[in-house]
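Annotated features in TrEMBL:
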- T528: Ca(2+) binding site (BINDING)
- C390-C419: disulfide bond (DISULFID)
- 39-59: transmembrane segment (TRANSMEM)
Amino acid sequence: MRAETIIVLEAGGDRTKGKILSLARFNRLFNGIPRTLRVLFVLLTSMLLLYAMLTLFAVRLLSQIESAKNVLSASPGANVSGLLLEITDAAGKKKDLPPHFPGPQNERQRAVVNSFLHAWNGYKAFAWGKDELDPVNNKSHSWFNMQLTLIESLDTLLIMGLKEEFLQAREEVARGFSADVDKYFSLFEVTIRILGGLLSAFYLSKDELFLQKARMLGDRLLPAFSTRSGLPLAEINPHRRKGRPYPWTSAFSLAELGTLQLEFRSLSRAVGNPAYEEASFAVSVKLHKLGNESAYPGLLPADIHDNNGIGANFDYGTYSVGARADSYYEYLLKQWLQTGKTIDWLKDDFAQAMQAMLEHLALPSKDGKMLFLGEFIHQTFKPTMEHLTCFVAASLALAADNGFGHQLLRDAERVGAACRHITHSDAAEVTSPTYCLLRPEAVEAWFYLYRMTNDTKYQDWGWKMFLAIEQHARTPSGYCSVEDVNQVPPTCKHKMESFLLSETFKYLYLLFDDSHSLLSLKEYVFNTEAHPLPIL
């Protein structure tokens, strides 16, 4: 039998020499060493092997800790590299795990994610940390100076399973976000966009960093509610912690007053401080009491004055469920749901409003298959429906799913069909204005209708809209709003709206969720900027 061999490598000068020894010769050499030294040799060799194994394990462990540190540096709390971590608070009490988002599951979802990433990467390349991207000149726009597009995209990144991009965004928030901005801007807009975006990111990731930032912002917004009338001032300067009316009018829009409550309530419940909820909900109570003065009981006028700070009164000019009024009605229903269906008058006010809307503002098509919603201006009915009004289909469908009756679902489907007609109409049917901001309300309506009916025609309608966005609004660095939908090729506006990433792409992605498993509508309500907040 041939003896086994061992190769021994020796370093010698600038080369390595190999010697081949027979196993028998090696044994003779080893046995010639005193027994005590042989034992020490074996022990040292074993210790070196153990040390090498422990070193390798430690290196791998440190690598995993480093990869998680971005999310856990503020406090424990996120889904890292696909692993759900156990989360505890400062007292060691186990906290809820964040929801799991597996990423796109079909071709349509993958297409939406790719388009979102095209917009996201353009923003990252040319406007990172700024409010908005100019997708024509590849520059940034400022509005709040609060990382608007980034903050609004956080929950979309999570929902689409884009973990690496989320962690990069999280680092930028930790590094660069500040609520201490010395500038006046709309209380309504900063609440639904920035505060809502931060809170949604917190609830979906369980990362305390976002709650800390939300609380810092909330503290700077609260002074806007310190008025004799109880109605908040329209603009707020977070640095000065001071509010003021709009410079051009003393009026509030109904939507601005009635679309603060989901966000401030979520903040209060998250931090255990009722001040935010109490300040915002007092406005809802005041609007509820004013309802008896309406010319159309159930509907409130689109403009309200604070009567020089001592009380509210109406501008009776416009009754609508479109611009300046829309999300007030949306939040009546969603506040009722958010609070666990415990405040009956919210439900009653919503039901009365929808009944009045269907009685006074609705205009069915000749075949009865579509339901358009107009407005009264100075007691004259105007049969024009805005794209914003498409939210009504979503609200009616959500109400029908929560005990308001099946008739509301049929009405929701008719409004949803009208929204399809608006978005897919021939040029001859489009009236002024003819611009398109890539708004989400139609696809939002179809998302809710698909969830309630499982009818795939709503997915097909959304897919057609998505393809139109790709064909007519895509630029090398993102997507642009369109100046005139009748012009082909269209002229681009110099802004990519943040709601394209926070709402339009998000609702498209959810619409194409065949399993209906993403973000149960029994567990979350979406604020008017599509930021999901938990039902409390």
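Cβ coordinates are placed from backbone N, Cα and C, and glycine is handled just like the others.
Nobody curates TrEMBL annotations by hand; they come from automatic prediction.
Note that this is a predicted model, so its numbers are computed, not measured.
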Among C390, C419, the disulfide-bonded residues in question, whose Cβ has the most other Cβ atoms within 10 Å in this structure? C419
Length of the line joining the Cα atoms of T528 (Ca(2+) binding site) and C390 (disulfide bond), in Å: 12
Using a 10 Å radius on the Cβ of T528 (Ca(2+) binding site), the other Cβ atoms enclosed count 26
Which state, by DSSP, holds C390 (disulfide bond): helix, strand or coil? helix
